[in-house]
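Q: Feature annotation from TrEMBL assigns domain 'SSD' to 392-550. Annotated region 'Disordered' per TrEMBL: 252-273, 1161-1181, in sequence order. According to TrEMBL, the feature transmembrane segment maps to 396-414, 426-449, 455-477, 498-519, 525-550, 941-962, 968-990, 997-1016, 1036-1054, 1066-1092.
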Amino acid sequence: MVRPPPLGELPPSYTPPSAAPQILAVSLKAPLWLRAYFQGLLFSLGCRIQRHCGKVLFLGLLAFGALALGLRVAIIETDLEQLWVEVDSRVSQELHYTKEKLGEEAAYTSQMLIQTARQEGENILTSEALGLHLQAALTASKVQVSLYGKSWDLNKICYKSGVPIIENGMIERMIEKLFPCVILTPLDCFWEGAKLQGGSAYLPGRPDIQWTNLDPQQLLEELGPFASLESFRELLDKAQVGQAYVGRPCLDPDDQHCPPSAPNHHSRQAPNVAQELSGGCHGFSHKFMHWQEELLLGGVARDLQGQLLKAEALQSTFLLMSPRQLYEHFRGDYQTHDIGWSEEQASTVLQAWQRRFVQLAQEALPANASQQIYAFSSTTLDDILQAFSEVSTSRVVGGYLLMLAYACVTMLRWDCAQSQGAVGLAGVLLVALAVASGLGLCALLGITFNAATTQVLPFLALGIGVDDIFLLAHAFIKAPPDTPLQERMGECLRRTGTSVTLTSINNMVAFFMAALVPIPALRAFSLQAAIVVGCNFAAVMLVFPAVLSLDLCRRHSRRLDVLCCFSSPCSARVIQILPQELEDRTVPVGIAHLTTTVQAFAHCEASSQHVVTILPPQTHLVSPPSDPLGSELYSPGGSTRDLLGQEGARQKAACESLLCTHWNLAHFARYQFAPLLLQTQAKALVLVFFGALLGLSLYGATLVQDGLALTDVVPRGTKEHAFLSAQLRYFSLYEVALVTQGGFDYTHSQRALFDLHQRFSSLKAVLPPPATQAPRTWLHYYRNWLQGWCPGLQTAHPNREYPGERAKWFGPLSPQLTTRKLVDKEGLIPPELFYMGLTVWVSSDPLGLAASQANFYPPPPEWLHDKYDTTGENLRIPAAQPLEFAQFPFLLHGLQKTADFVEAIEGARAACTEAGQAGVRAYPSGSPFLFWEQYLGLRRCFLLAVCILLVCTFLVCALLLLHPWTAGLIVLVLAMMTMELFGIMGFLGIKLSAIPVVILVASIGIGVEFTVHVALGFLTTQGSRNLRAAQALEHTFAPVTDGAVSTLLGLLMLAGSNFDFIIRYFFMILTVLTLLGLLHGLVLLPVLLSILGPPPQVVQTYEESSQVPSSAAPQGGGLRWGMSSNLPQHFARVTTSMTVALHPPPLPGAYVYPASDEPTWSPAANNSTGSGSRGLGPASE
């Protein structure tokens, strides 16, 4: 049977007597009894692990290794929408609705070129600058890639808007080859814009038809006698195609291909670039393809009359089909029938083309050119995110090797018996395995990985996990000297298990609370961190004790540390010296350790209900030569350990030459740090310093801005970062849409739809269309087209009746088609004609439909109409189904700061809410609403999570410490740490986004690592507040400092990241957090405890009593304390001993035994261990 636990983790040398449970029940009642019971469980666990250490280690490694195999099924998520759109928010619901109606992907992907002058601020509106832009754009447009035995160029994969369906097969094939790609470029203001279009067609007797020589009007006149092209001519007239590109001025009039129809062909004068670009440019259709000036020019300057004077940047945008569109376009085509065409192949083709596009565009201009080109594509962004999410093997290996070296060097000792270098190595490797197993478990649970998981978590989890390794190893080597060998591990867990459990639970709770942040990437990171911390906790509490137990066998067998196959050269010759009275109170020459046996008596005072320990007055105790804290540290008010600790001071004279080998952090804390810190003046300075730090942090908190730009994520110094910086500076434009859902009647809500559009257009951030252009929405295009179509129908079929079979298609509406207008005086379409007319417009005006970007769902049916048809068959018009999805496109501009985005989002939401009151269900859609709407409630979510976590931390600490006063002080320090970290972020210029919020929330759990050990040490010692604070520092300074250094070493590898984002948002914040934790845990908290700390849970007093029997006569030349047989029942004997050994000291764990009686350690020996007086204990460490 294991012996009872100590009373609330009494001082390390206090051994509970057999009557301890009775005393506890009388004096300390339930709280301390509960903690003692929990420590008893930990003691039992430690003893069992030590008894079966080999089996535990094998099974533990097997289990963790099996979980680590789960990493094989890990999925790395790089989709921005899946990473950053809030879970279960209205944005995610709206995105789900959009994908449900339209599919998973966008209609097109964008490839962009930005050109700026190398000399900042230089005007770029010159023919020379436009010529260089043409050179770069032309190089990019000629990109070809060869995949699957086919050649893929821009004309095959570009996005073409509104390709018409023509009845004439020859004209339809020619249009399919010639129809231009959608390229938004300032070159479209000039004839040179046609050079970017790669289509061509062939007609007998004519040179190849290209946009550089195509005059649509002249071509129709030439083809008119051979084919009926009236419908095509009508289409071109409505689209206002005119002469297309050949009617525009040439940038270089001396170009031999400059068409004669160009305005400056004959004059040979260079055009006025600023005048031509003012107001924007047009594609081949003046009506439907207008590129606004803001899409083409950046950094513009105007005169007082508003005329364009200069610009600092040019932008061209190439639109490509989506993978789904490309797959559908070539499915069943003769060009792909032999390659097993699939959507994955289409995606591969697009990605390869985009990468080549960026590469050639950036190399298009010579290095000494006056202009510079930045290129970017959607694949470039995907590649950045992919690289961002990849695990850097070199940094992971380097970080873990550095941690291995630190653990080994820190735990090595000159004294071979106390060296734990192998334990440090094994501990770090065990934590690494626990981290891998935790991540493997996350993969098995289906939690996707992201950049935060791969770049940060391995190092952060290693630093946190090694903290507890240091704590256990430090406590194990400092076990009380009278602890039997079989109970070493039980004693270690009993002393440290509570604090390890407390810190681990708080860390897990902190990360689980951080999962409240509704950003998928950060929620996954928080859940993974919590699971990894749980695996670390299991490894530290279950497997690492087995490692310590095996190392104890190594020390007992007198083997070298690390190189355990070799015997230790250290002397292990131990002798027993019976207690003797020293007349001169000095240590004999040559004796390094003094052993004396002191018998004390503990009883419960009925008056105060305190445990009282009485020492006989004959005891001779010599104070050390120098007492850092004065007589208080070693006064009778201290613990038994303090009394016995005086023995170490007696060695000073004999070991003075080897002080450097005995110095450690605990020695520094006891003799230098604690005495200095706990002086009155030092306390005042500490309080003033932290008060000033808190005040500065409150000011810094006002400097923290919200936001996370893409430039913060992309590595600085790269071409991608240069492009994004230029785009943010010159072209801060965002395409958004106002989506109208189903669930309301479109036919009777036209006025509300027009009002919604008007209200949305009036928002400050919405880019207004030119005054000469009608709004670019499907409802406006539809209405205007109907106003032009009605007269044509009446002209073709004057006063026509549609009886019989045809009447069922038109019903009662047939008489109205030729007798009334299809749009009333208020500009509204009659409800009974709305969906029938929608079918006609969609089929007859493809360019207008494409320009409107309506994206109807369900799509209206196709209907072909020939106005020369006399049979009336084509007048059977199927009505479209009621709309469930439609959208109005808009452009947002001037969005530089997060506050601008938030203002625009709030305005858009208000407009949709107001429209909802009128019965229109609508919501805004686009990247600003996907990625910036989180900032509307981010601070509220942050404050809520912090408050809840502080309350949870208080409850957990109060439950495990069973002392609300101490828990309150811990929570106060943690709140100060979080506030100061938030303020320092403001001074460092780090913006508040979901990532810092997660770290700020997790900082509370991480901060527990630095505070709870000190608080627990203070709570479970005796004496005055100063004495208890000093003792707490002595026992916790070394492991807390080692843990902080290990965490910093783990974070150090983040400083080598190629991503400035990792350095600023993880390395800097976590490093500051670690330093703040160290300062608050080892400086502020001891001072607060020494001033406001709670009373001790166990009180020991030392006094003389006539009831104590006098000493017996010495036997065998030694002095022994006697024990009266008629001692009262409420007294119990407590025996504490120290062992004398010749210098150097014996190996830890070695028994003190007669030479003729050498014991053998076996697990069974634990069962025979009594709970009372232990007799001779192990050698002192």
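The backbone N, Cα and C atoms fix where each Cβ goes, glycine too.
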Q: Which sequence-distant residues neighbour the transmembrane segment (997-1016)? Criterion: at least 6 residues beyond either end, Cβ under 8 Å.
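A: Non-local partners: 9, 464, 467, 471, 498-499, 502-503, 506-511, 513-514, 516-517, 522, 525-526, 529, 938, 941-942, 945-946, 949-950, 953, 957, 961, 966, 969-970, 973-974, 977-978, 981-982, 1032-1033, 1036, 1039-1040, 1043-1044, 1065-1066, 1069-1070, 1073-1074, 1076-1078, 1080-1082, 1085-1086, 1089.
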Q: Out of 455-477, 525-550, 968-990, what stretch is closest in contact terms to the transmembrane segment (941-962), meaning most Cβ pairs under 8 angstroms?
A: 968-990
Q: Can you work out which residues elsewhere in the same chain, 6+ from the ends of the transmembrane segment (968-990), have a Cβ less than 8 Å from its Cβ atoms?
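A: 690, 693-694, 696-704, 946, 950, 953-954, 957, 996, 1000, 1003-1004, 1007-1008, 1011-1012, 1015, 1064-1065, 1068-1069, 1072-1073, 1076-1077, 1080-1081, 1084-1085, 1088-1089, 1092-1093.
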Q: Using DSSP, what is the helix/strand/coil residue split across the region 'Disordered' (252-273)?
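A: Taking the region 'Disordered' (252-273) as a whole: 1 helix, 0 strand, 21 coil.
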